[in-house]
Amino acid sequence: MAQLCAGICVLLLTLHVQGNDASQMSSLGGGARSQMVQMDSSKSGFVGSQVELRCIFINSNPPVKISQVTWQKLLNGTKQNVAIANPALGVSVLPPFKERVSFKQAAVRHRTPSLEDTTIVFSNLQLSDEAAYICEYTTFPAGNRENMVNLTVFARPLTRMTLTTPTIVARSQRRKMTVATCVSANGKPPSVIRWDTRLKGEATFQETRNQNGTVTVRSNYVIVPGRETHKQKLTCIVTYRNERFTDSVVLNVQYEPEVKIEGFDANWYLNRQNVQLTCRADANPPVTIYQWKLLNGSLPSNVEIKNNSLFFKGPVTYDLAGTYVCDATNGIGTRTGIVDVNITEKPMARGPPGGVIGILGGIVAIGLIIGVAVTVVMVHRRQQKTRTETDNDLTDLPPAHKPAPPPPKKKNSDMKGHLTSDDIQVVHLDKDEEMQKLPLQPPYYDMAPSESTPFTDKPNSGHKDCEVQYAELDTAALASSPSPRSSAHSGPGDLVEYATIQPSSH
């Protein structure tokens, strides 16, 4: 022990003296400053693992002399020596790192003057090893050169999932309870917990920071236990950095029986044979006791009880009518099922099954929809076709049947020169004719010469073509007409006069 202390003192003294010499040489301008120390900026490892902290000295040309290499731990502004390598005195690793830190190169461990690579190896990494580490080279005559690496230590958590109790009992009060717990303990950094399940529940989360810097995450899953939660799977998923852990449990929920009575089809009629009632119960644990009774009376004499069923011997009579009760009991409790049995004189008419009726109704509805759609399409096409044929008929009419444009107006002077009072005939309408509401049509005049057409049987034999002349009606001529019927009345609804204009002989 005394020798070790003496060696340390010698090393420290050597560092002090050489440091002063290097400072003096630097002040005199001697020694090139081209040397450098190469290190990683950061390293990481898990608790219990091994990690290397690299330290390489890049020497100058001509090279400088390496007097010593010192590794130091820097934590919260305080430096702590870890290991020292000296070409003359050898290697020294200080507590508490002595058992876990070593130099990687064997030559360094055997007092070699070649100290360019002084990488150290941390074994069995601990959380307390997390810090900044300095690798410092003492050279002559260049002085000291150093660099630093940050070491991060991770702690992989311990994950477990447990049931709150092996058997969960569902009570009639329907209260919430914690059924499972998932814990990720002593992790650094902390884990993330989530649940995967079909259960309708909720999760609670809690984080606890430990003194060593790790974090414990705890999550509880809370549900209202019941019949629907029995045999449901519950999975806890823990994510830590890029790793994922899963654990699952299947719930064992005990609950009271869920009871129903089967066998009565609402068609128990007189003299029907082989009828029975069966008490069905869904329970955990299973039902151990079934008990039958008839409300307001006793069971019929022809009833045989076998396990959970009632068998009625012989034909059905009115004595079988009543309210039947089945009590089912298991280790959790007792529940009851009830059915009302009524007896009819004759069998009830059986209609088609509801499923068949539904299918037929669907087919009919689809057929109606298709029929309506087809009808709409056909009507639309027929209207388009009729409209198209009408347009084609108007286009194909002969010129004689096409509406002629209105005739050009002629001067009144020309017409008045050829018309006399004898050429004008005045027609007076009777009162009955006056009351007829005939639609007024605009006059059309055919300016073409009259010829025989396919629509007339007789040609214009011997008749000369007449020229149709147009003129405004001369009221003076009407006034001078000797006809006693040539009267004119003004006002709406009075006598209307029509004049036929005959061509004058030339």
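Just so you know, glycine gets a Cβ as well, placed from its N, Cα and C.
Whatever TrEMBL says is automated annotation, not expert-curated.
Feature list (source: TrEMBL):
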- 450-459: compositional bias 'Polar residues' (COMPBIAS)
- 476-492: compositional bias 'Low complexity' (COMPBIAS)
- 48-152: domain 'Ig-like' (DOMAIN)
- 157-252: domain 'Ig-like' (DOMAIN)
- 257-344: domain 'Ig-like' (DOMAIN)
- 384-418: region 'Disordered' (REGION)
- 441-506: region 'Disordered' (REGION)
- 1-19: signal peptide (SIGNAL)
- 356-379: transmembrane segment (TRANSMEM)
Can you tell me how the residues of the domain 'Ig-like' (157-252) break down into helix, strand and coil by DSSP? 3 helix, 59 strand, 34 coil
Could you break down the residues of the domain 'Ig-like' (257-344) into DSSP helix, strand and coil, giving a count for each? 3 helix, 51 strand, 34 coil
Tally of residues which DSSP labels helix, strand or coil - the domain 'Ig-like' (48-152): 6 helix, 57 strand, 42 coil
